[in-house]
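For A:Thr149, A:Lys172, A:Thr183, A:Glu263, A:Asn382, A:Ser387, the entry in TrEMBL reads substrate binding site. The feature active site, nucleophile is assigned by TrEMBL to A:Thr183.
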There are 2 protein chains.
Amino acid sequence: MSVVAAKGFRAAGVAAGIKASGNPDLALVVNDGPRFDAAGVFTRNKVKAAPVLWTEQVVAATRRLRAVVLNSGGANACTGHEGFQTAHSTAEKAAALLDAGAIEVAVCSTGLIGAQLPRGRVLAGVERAHAALSAAPGAGPAAAAAIMTTDTVVKQAAHSDGAGWSVGGMAKGAGMIAPSMATMLAVVTTDAAIDGEVLDEALRAAVRVSFDRLDVDGSTSTNDTVLVLASGASGVEADPLAFTAALTAVCRDLAQQMQADAEGVTKRITVRVSGAASEDDAVTVARTVARDSLVKTALFGSDPNWGRVAAAVGYSDADVNPEMLDISINGALLCHRGVASGDRSAADLSGKEVLVHVELGLGDGHAEILTTDLSHAYVEENSAYSS
Amino acid sequence: MSVVAAKGFRAAGVAAGIKASGNPDLALVVNDGPRFDAAGVFTRNKVKAAPVLWTEQVVAATRRLRAVVLNSGGANACTGHEGFQTAHSTAEKAAALLDAGAIEVAVCSTGLIGAQLPRGRVLAGVERAHAALSAAPGAGPAAAAAIMTTDTVVKQAAHSDGAGWSVGGMAKGAGMIAPSMATMLAVVTTDAAIDGEVLDEALRAAVRVSFDRLDVDGSTSTNDTVLVLASGASGVEADPLAFTAALTAVCRDLAQQMQADAEGVTKRITVRVSGAASEDDAVTVARTVARDSLVKTALFGSDPNWGRVAAAVGYSDADVNPEMLDISINGALLCHRGVASGDRSAADLSGKEVLVHVELGLGDGHAEILTTDLSHAYVEENSAYSS
């Protein structure tokens, strides 16, 4: 159920003193091989944190990783040359301890944008994390805990279906997610034997329908990073399709855990769009509805205000024919062919799960976006916490 | 200072019983000529309210208007044929009373999306408003009060600079504004003699830098309408440039009043972008920052969290070079060339006005977007009020 679920991996999480609170803030995940294939996807934000610039280079150059160092307590974004030097030194430190090259070590950071990390503490933390490395079950949660910021629970997942290999992972992220800002990090490990190129394709396919379909607040991070490391330690060559399915399941599981622990969440909202002219259009409409502050506040207030959904559908960039538009909330059809239908009190919003279903009546495109409501707690957390 | 500031106009506002509260909910603005030139701009939402469909047709067909009927208490959106019939009947009723054609009467509605208007009450209200029509100074505020929904104050403006003609107007809008949703209505009147075509160009130019630069919550309305009516009653032919400047001043004044009265506002935020590759890019960056929930909650908390601004700039669709990015908040330079600069405590956010200035260092494009913070009151108002 963690980043050490698959064979060939060790992990550790320590308190390096980066966070003022003294909570765990540095994690190390090591691949002991025999293989070191890796792939990554990174934020599309044009303002990229130093560790993203470093890790993107490293993964693109070699498609191999021996280890990943992750820290919370600081995003190391907008930190210039000094910040890049900190990321580089972190990789060098881990590499020296592992008898590897710095180019085989990824670095991820999360926390406040615009402050330098305390480099000495980070490097000392890497040393202590290396000393604490373990493949025991407790090592996964320790690593997952060390990457939390406003997260309230650790996020881990694993998948094993008897094919001889397994997939496990951890993630963090609670706000600024679209897929996210200074927040969303995930490391997934597998003991399947799988080529870097296949791994890269599998990761892109998995992320496209998991993390990329989670949208808490429309804000895309400077630091988002998802990495997958394959040790080959099972000795079993994975079928690419089966592996992609397993990786997707783990990524979806982690994305759902992020949704459930999102900042200020009181409702877990799924926006499902069907009948779109294309899958892209379905994603566009679902994302527009999921981001609309008025939809999100209405659902926080348990108000099935489908008119706000209709308006959001209408201002999305997708093909929409208002006369074909159906809207259901938690199974109650409230708008049929663009006109009010039924009784809005038929939509029961007393529970924590909300399904907003938009049928566009135009084609076969469909998609779901996971989001959350906009609550007092979201405002409180984000006005009081410098993240 | 109102919609009857210019010669040739009468107005009235009455309680027609559309709102359950019994508050004023129907306004009538009449142009007594001698000229009836008119222009309008309308929501770009694909889900358009019945009165928008009606009024857009009317203005496009004739570029003339004798009167505008406006109601609050219901948006008449997603109401199908019956809703369109209500808008049409409303125009017919006013036309009959004014001895005009229905095609010379615009209709605007604002309020809850998805409910039919009580047609009988609306028509009876038009009759009573007609009986109450007046050019006296009190008529303007009465009309402006009748179009309020979550607005807490009436919004009026006027401009007169000795050229022999004047411009006056009213607006409503407090939330769902980008330029807005089921909320933003404005009627501007002038006694200048001016052709419909020139009026149309002047209105588009004015709206582009006023209402279109106000973005409370990124939600574009089903009902947004801005109309300008020219009576020619001053007998003075207006210079197009001078008229555009006056119209722009009135529209900006009204837009600033909407910002100041926005739902839950505790901070009036101006996002100024300079040094963009183009004006379009400047608008894109300013709008992305203005819409970012994390920027808006930070400013609600008086936290000069420029890292969130940097992240929003980075995920905008504009040309951005992180190494050229400067960010100042209320005059304090906090990020220089993409790196933290100075002390964030230098930014004094204790007041109600916040200026976020983003310098992109790429070109001459510049623009400002007006927005507001994201407060507990915004969440409260929009979770408790079915609008």
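Every residue, even glycine, has its Cβ placed from backbone N, Cα and C.
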So among the binding-site residues A:Thr149, A:Asn382, who's got the most Cβ atoms within 10 Å?
A:Asn382
Have a look around A:Lys172 (substrate binding site) and count the other CB atoms within 10 A of its CB, chains all included.
29
Going by DSSP, is A:Lys172 (substrate binding site) sitting in a helix, a strand, or coil?
strand
Quick one: of A:Thr149, A:Lys172, A:Glu263, A:Asn382, which binding-site residues have a CB closer than 8 A to some CB in chain B?
A:Asn382
Just to be sure I understand the packing, how many Cβ atoms besides its own are within 10 Å of the Cβ of A:Glu263 (substrate binding site)?
28
Three-state secondary structure, A:Glu263 (substrate binding site) (per DSSP):
coil
Going by DSSP, is A:Asn382 (substrate binding site) sitting in a helix, a strand, or coil?
helix
